[in-house]
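Copied over from TrEMBL:
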BINDING   G78, Q79, T80, S81, S82, G83, K84, T85  ATP binding site
DOMAIN    3-316  domain 'Kinesin motor'
REGION    1-21  region 'Disordered'
Amino acid sequence: MERIHVSVRSKPLSPEDAKSSPWRISGNSIFIPNQPAKFEFDRIFGNECHTLEIYEARTKNIVSAAVQGFNGTVFAYGQTSSGKTHTMRGSITEPGVIPMSVQDLFNFIEKEVDREFLVRMSYMEIYNEEINDLLVPEHRKLQIHESIERGIFVAGLREEIVASPDQVLELMDFGESHRHIGETNMNLYSSRSHTIFRMIIESREKAEDTKTDNSCDAVRVSVLNLVDLAGSERAAKTGAEGVRLKEGSHINKSLMTLGTVIKKLSEGAESQGGHVPYRDSKLTRILQPALGGNANTAIICNITLAQVNYLSLINL
């Protein structure tokens, strides 16, 4: 399906892991020499690539389309400690997909001289299948509703009107400080929740005469979702037990549902009247309007080719 694009980002290996890794990358394929298994993707980014290259390859087009009125979603997917949050958030020296998207969003808006825009943002997490508002930490266990006027929405979720990239990123930093993280054997600061960073873009044509009532002018609304998924994991590798084991169970279940939904969409089930199980997970239910129909979707699969992760890549 042309509107779903899957790329892979390989995490840099230590010198020791580089010597022992059985995996090889050739073009857009990953394989083990002399083995029949071979994995093909739309695009593979090797160990030396920078996040800007990944962003330019696919995400930038989705941001541009969102300004034009098309819904879009970008996922960072992968096992625990594979670099998802680095890809989405980045660092001081290497901005991630979210900061670059925010900057370009306002740049694209500035070029639309014939339209006026209103931009809002929200930031939520899904932790143990409960929705929490990261901008208003006391707003917890929010519910999903659907109406004719608003479609699918999270009741009680704060949406802040924003006017600049700096304002957006300041709010994002505030929200990130309230995200659920925890220690596992694989990662000292493992993300234990999915986060959905959402930009809602409304626009309409500028009235030539400011005194003219322009109330009948159609308003164009689109949603851009930038999603940092919690890492898929195996309890045996992470050493999860108790609370961590419960978190991992919810994470894996929602990721399995997401995989099923993406597979159904890529096979054209929705356009053919088939069932797509959006309701099986709060993650896919919230993102339903920005996954199906004419929405654009990019999935960035973060992986590591270390020997110890052989089975993890097999199950990707």
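In case you wondered, yes, glycine gets a Cβ from its N, Cα and C as well.
Look at the region 'Disordered' (1-21): DSSP puts its residues at 6 helix, 7 strand, 8 coil.
Minimal Cβ crowding within 10 Å, among the binding-site residues G78, G83, is found at G83.
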